[in-house]
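J.: Can you keep this structure in mind? I'll have questions shortly.
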Amino acid sequence: MGEIEKMNHTKVTEFIILGFYEFPEMQLFLFILFLIIYLMCLTGNLLIIFTVCSDSHLHSPMFFFLCNLSFLEICYVTVTMPKLLAVLIAQNKTISFMQCMIQMYLFLVCTDVEFYLLTAMAYDRYVAICKPLHYTIIMNKKVSIILAIASWIIAFLMPVSYVTLISQSFFCSSNKINNLFCDATALMSLSCSGTYVIETLTYIEGSLLGFTPLILTIISYVYIISAILKMHSAKGRQKAFSTCSSHLTVVLLFYGTSLGVYMRPKSAYSMDLNKLLTVVYITVIPLLNPLIYSLRNKELKETLWKTTRRTIFSQNY
């Protein structure tokens with residue numbers, strides 16, 4: 001039996017991404033829909049990066065982390081969306097084994113980076129609201145850069161062992177991935193090797209990467225909310241809450257979907273539910289992030305409006 005599995009494993013040189021195979025008549029519509037979402041994600045996040053970089057008044061730690069987050073969202077959609085668009089419009093459903101592993105690795109890297117960046121942003125808001133007099137000393141430029149670089153470096157290192165284990169699994173039952181990209185949970189469902197080690201590693205890393213940043217974020221917001229409630233001025237409370245409400249919204253969206261996808265036991269795995277959560281994960285969140293921050297942050301909203309007006313005015317004249 002072991003020899004048969006090994007033979008079948010060597011034959012798996014490519015995978016087939018099924019995408020939305022359940023809706024053959026809607027492929028063109030879905031292609032247009034996801035293309036619009038992809039372009040909106042790129043435009044919105046690039047606009048935030050350009051606006052923050054071009055305005056010296058926005059050169060603060062909060063907007064520095066926001067730029068990192070916007071760049072990350074661009075990476076998110078670019079890792080998954082081009083292949084999904086090819087699946088929808090050209091019916092080019094095949095992806096090589098190596099390309100699949102690279103796509104899965106890069107997607108996990110992006111996920112890990114977002115965990116760390118959101119935690120760093122929560123700490124930044126904690127210092128700004130709870131220790132305003134020491135904010136410029138604690139959250140100086142050097143500290144902000146270190147936190148951002150550490151987030152990216154750790155994120156690139158953490159998924160290596162996980163992806164290596166999956167790449168060495170035997171895929172002897174099927175090579176059809178019933179998802180929108182090379183998702184780790186979908187690949188594990190195709191494996192006929194024992195997945196106990198991989199599942200155990202998922203929960204260990206999930207606890208470290210997901211719950212540890214989540215706990216740190218919750219602790220930060222406990223202190224933030226406590227500090228806001230102690231403020232005597234209603235205007236001061238409103239201003240303090242407005243600076244962190246957008247971040248809190250993004251945190252709830254991201255953690256809700258990511259923990260739903262990756263921390264469910266295999267017995268509770270549902271292809272339809274996972275595909276729905278994946279759509280939210282790879283399209284809705286990267287699309288909503290720039291909208292949430294631009295609409296709920298008064299300073300950024302005003303600067304975006306000025307930049308847009310200046311651009312339109314310069315083109316007309």
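Backbone N, Cα and C atoms are what each Cβ position is placed from, and that goes for glycine too.
The shown structure was predicted, so the numbers you read here are calculated from the model rather than taken from an experiment.
According to TrEMBL, the protein has these features:
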type	residues	note
TRANSMEM	28-50	transmembrane segment
DOMAIN	44-293	domain 'G-protein coupled receptors family 1 profile'
TRANSMEM	62-90	transmembrane segment
TRANSMEM	102-123	transmembrane segment
TRANSMEM	143-165	transmembrane segment
TRANSMEM	210-229	transmembrane segment
TRANSMEM	241-264	transmembrane segment
TRANSMEM	276-295	transmembrane segment
J.: Can you name the far-off residues of the same chain, 6+ from the ends of the transmembrane segment (62-90), with a Cβ under 8 Å from a Cβ of it?
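T.: Result: 17, 19-20, 27-28, 30-31, 34-35, 37-38, 41-42, 45-46, 48-49, 52-53, 103, 106-107, 110, 113-114, 117-118, 120-121, 124-125, 128, 144-145, 147-148, 151, 180-181, 243, 250, 282-283, 285-286, 289-290, 293, 300.
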J.: Let me know the model's mean pLDDT on the domain 'G-protein coupled receptors family 1 profile' (44-293).
T.: 84
